[in-house]
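Input: a single structure, listed below in structure tokens.
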Amino acid sequence: MNELLKSCVNGRTLNEIEAHSIMRDMMTGSLSAAEIGGLLSVLAYRGETAEEITGFVRAMREQAHTIDGPEHVVDTCGTGGDGSSTFNISTAAAIIASSAGAKIAKHGNRSVSSKSGSADVLEYLGVSIQTSPEETIKSIERRNMGFLYAPSYHSSMKHVAGARKDLAFRTVFNLLGPLSNPMKAKRQVIGVYSIEKAKLMARALEAFEPEHVLFVSSRDGLDELSITSPTDVIELKGGKTYEYTVEPGDVGLPLGRLRDIQVATPEESGRLIVDILKNRGPDSAVHIAAFNAGAALYVAEQAADLKEGVALALEAVAGGEALNQLERLKQKEEELYA
């Protein structure tokens, strides 16, 4: 058995160099499925440290196929695994925010621990998910949004896919994915299923010099800014860290209902997103999408604060820009400029 793995089993935490080493071994196929499963189980049981996450992220970024995107590009993504069965809120938020001026590099995958992953729902909506890096950059430059399909950029993840699936519970990879955007986005809105994990991720991300990042974790368990409860926020901006709580009323939104934002399939999620973009979905669904889109607009410097961002997002939905953006994203490049 790997010596570092043995030390983890015996209760010791890893320093950043050791964490980097063992993640590199995982990413290069040097560990067996049993060893990977053992490590992920130990970490899930005892909890990860910020230093371990920093080392893991550094190794994942080194193994990834990275690309350079436009300045101020924003990623909206979450850890998933909150078990709430909500529609793909961060995906809807990305479409709305990009229609209102933010440049979005949406990093995502098919579902691992939820009803529907961002790739699943975008595919249902008719948006191409497996574009080349060049096509993705062009889409962001011309349409303000591109999708970075995780397996295309993190091919080394194939070595851990089997173990993750077999374990069927949240692992450290739920935390690492949002910190490993292939476009090295320095601006992000990251939804996290618990504020404790958000604090860990924020401390780890500080090592990578972020420009403006919001970690959001709602008290009803969503890895989103919520319209059904207060949301705890950790904001990294200009080398400083701010912690605060935001409620729907703070940004001009009423409290909503969880059942109005829950779905059972990617198809149901897709249909609800279309209804939201048409401004005819349940108020709770429109509002939670706008709340999270507003956060992306704030991080993208398109809004002075969250409240202004939400107002701009609601305007984009009401004015039809968000629905038009979906149609643009569905078009092939040659159709768009024919």
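The count begins at 1 with the first shown residue.
Note that Cβ sites are derived from N, Cα and C of the backbone, with glycine treated the same way.
Annotated anthranilate 1 binding site per Swiss-Prot: GLY78, ASN109, in sequence order. Residues or ranges marked as 5-phospho-alpha-D-ribose 1-diphosphate binding site in Swiss-Prot: GLY78, 81-82, THR86, 88-91, 106-114, SER118. Positions annotated as Mg(2+) 1 binding site by Swiss-Prot, on the basis of sequence analysis: SER90, GLU224. Sequence annotations record features per position, and here Swiss-Prot assigns anthranilate 2 binding site to ARG164. Feature annotation from Swiss-Prot assigns Mg(2+) 2 binding site to ASP223, GLU224.
Here the binding-site residues are HIS107, ARG110, ARG164, and the one ringed by the most other CB atoms within 10 angstroms is HIS107.
Using a 10 angstroms CA-CA radius around GLY78 (anthranilate 1 binding site), none of the binding-site residues in THR86, ARG110, ARG164 qualify. Secondary structure at ASP223 (Mg(2+) 2 binding site), as computed by DSSP, is coil. All chains included, 23 other C-beta atoms sit within 10 angstroms of the C-beta of THR86 (5-phospho-alpha-D-ribose 1-diphosphate binding site). Around the Cβ of GLY78 (anthranilate 1 binding site), the number of neighbouring Cβ atoms within 10 Å comes to 26.
The secondary structure of GLY78 (anthranilate 1 binding site), as reduced to three states from DSSP, is extended strand. Just so you know, of the binding-site residues SER90, ASN109, the Cβ with the fewest other Cβ atoms around it within 10 Å is the one at ASN109. A separation of roughly 18 Å, to the nearest angstrom, links the Cα atoms of ARG110 (5-phospho-alpha-D-ribose 1-diphosphate binding site) and GLU224 (Mg(2+) 1 binding site). When secondary structure is read from DSSP and collapsed to three states, the residue listed as 'anthranilate 2 binding site' falls in the helix class. Sequence-distant contacts (6 or more apart, same chain, Cβ under 8 Å) of GLU224 (Mg(2+) 1 binding site) comprise GLY78, THR86, ILE89, SER90, GLY191, VAL216, SER218, THR231, ILE288, PHE291, ASN292.
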